Each structure stands twice: as structure tokens, then as C-alpha cells.
Amino acid sequence: MNDVTGSADDHVTPDATATRPWRRWVPAIVFAVALVVLAADQSVKNWVVSHLDEGVTVQVIGDVLRWHFVRNPGAAFSMASGSTWIFTILAAVVVVVILWQIRRLRSVPWALFLGLLLGGVLGNLTDRLTREPGFPEGHVIDFISTPWMWLGFNEAIYNIADIGIVSGMILFILITLLGLPIDGRSRAQAKADEAAAEAAKHATAVAGTDPAVSGSARPNDESPEEPGNAAS
């Protein structure tokens, strides 16, 4: 028993945070990225409201890039209009989930993903909470038009917050494909830890069910011989 469990424990890799103290600062990346996305989104939206006429298209680079100011009561890319309060609640839930995940975050790619997602969600959530027609059903300011992207389908108007959300989700797909853990371990390290945990679990199960193993592991449990028998 001792030999089996000992060999399993020998393969357990120390926590990444113990060998890389700088990773304790990785959560700060989330807030830095989110702040940049949020500030850029709200600054440009305020400029759009002040300088562009609603519903009017402004050619920036021909049909490649245009400004088209609209107020969107729906989800990202002007979809699902008419359910503003539902998206307000969903956005608030996403923010809470992201903040909860930060407590075990030690991976830079994960921090970038969560920062982009958090900044984008907060950008549109700010519109829903502060802009007309009022809390919590404010309309999101959309203004970026790129007709070529939609390949003939109905064009969607979007904003910088939407770009942050989509960029974050693309990064999330890459993170998933690469198998990068949120706690900063490498793929090899994560697999080694999982294998060690399985080995320890298996050893514990064997020790509890195999009489030969459990008996050899507990020699002191044998009943002592009676004095009379020992003398004879």
C-alpha cells in the first residue's frame, strides 16, 4: 500500500502558482483589457451620438467601412430586438460569472479572453443601464457597417463592444483547441496531474477492497498469540 501510493504522490506536480509567483498578477490583465475595451467603446459611442445623424450612412472607405448610427434594443449585431431587459439580465450574469472565475485564474491567454469578454459585455451593459429610453432598457449604440462581411445576407451593424466579445470568443476557441487550463498549467503538466490523481484514486480503491493488499498494509492488526500457546 505504502509503495503504491508513494509512487503516485511522487508524480504530483506542484501548483503552478507556487513556482511562478508572477502569475498571481495575471488577474490584473483581465481588468486592464476590460478597461481599455470599455473606455474605447463608450468614448466612440459618445462621439457617434454627438456627431452623426441617426439612420444616415457615412462612407469611410467606400463600401468596405461605413458609419451607420442606429439604436439597438436587442443583442449584439442588432439581433433579437424587443427583449432588452432579458439581455440586461444575461449581461449582468455574465459579468458575475467572469468575476467568479478570476479567483482561480493564472493563465495569460485566459486572462485576455476574459478581459475582452468582460469589456465587451460591460460596454453594451452600460448602454442598457444609462441610455434612452432608460434603465434597464436603454438602447445600445451601433454604428459600424461592413457589408462585405455578410456575403449577401442581412447586414448587421455593430460596435467596439461587439468586436471585443467576438474577439474574446475566437480566443476562447483557440484556448479550448490547445487545451490550456485556466490555472496556468501546461498541457503536459495538467495531464500528469490528472494521471497522478487517477493513480492515487485507484490505489486507494484497491487497498480498500483487496484483502491481500489491505492485510499486508496493516500487519499490526493481527491478533497476538495467547501466552499459553506461545509457551507450548
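Backbone N, Cα and C atoms are what each Cβ position is placed from, and that goes for glycine too.
Per TrEMBL, the feature transmembrane segment maps to 25-44 (among others).
Annotation source TrEMBL lists transmembrane segment at 75-100 (among others).
Marked as transmembrane segment by TrEMBL: 107-126 (among others). When Cβ-Cβ distances below 8 Å are used as the criterion, the transmembrane segment (107-126) is approached by residues 26-27, 29-38, 41-42, 45, 76, 87-88, 91-92, 94-95, 98, 101, 140, 159-169, 171-172, 174-175, 178, 180-184 of the same chain, each at least six residues removed from its ends.
The active site annotation in TrEMBL covers ASP142 (among others). ASP142 (active site) falls within a strand when secondary structure is assigned with DSSP.
For 156-180 (among others), the entry in TrEMBL reads transmembrane segment. Nonlocal intrachain contacts for the transmembrane segment (156-180), taken as residues 6+ away from its ends with a CB within less than 8 angstroms of a stretch CB, comprise 37-38, 40-41, 44-45, 68, 70, 72, 76-79, 107, 109-110, 112-117, 119-124, 140-145, 150, 187, 190.
There are 23 other Cβ atoms within 10 Å of the Cβ belonging to ASP162 (active site). TrEMBL lists ASP162 (among others) with the feature active site.
Residues or ranges marked as region 'Disordered' by TrEMBL: 200-232.
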With every protein chain in view, what's the tally of Cβ atoms within 10 Å of the Cβ of ASP142 (active site), excluding that atom itself? 25
Rounded distance in angstrom between the Cα atoms of ASP162 (active site) and ASP142 (active site): 9
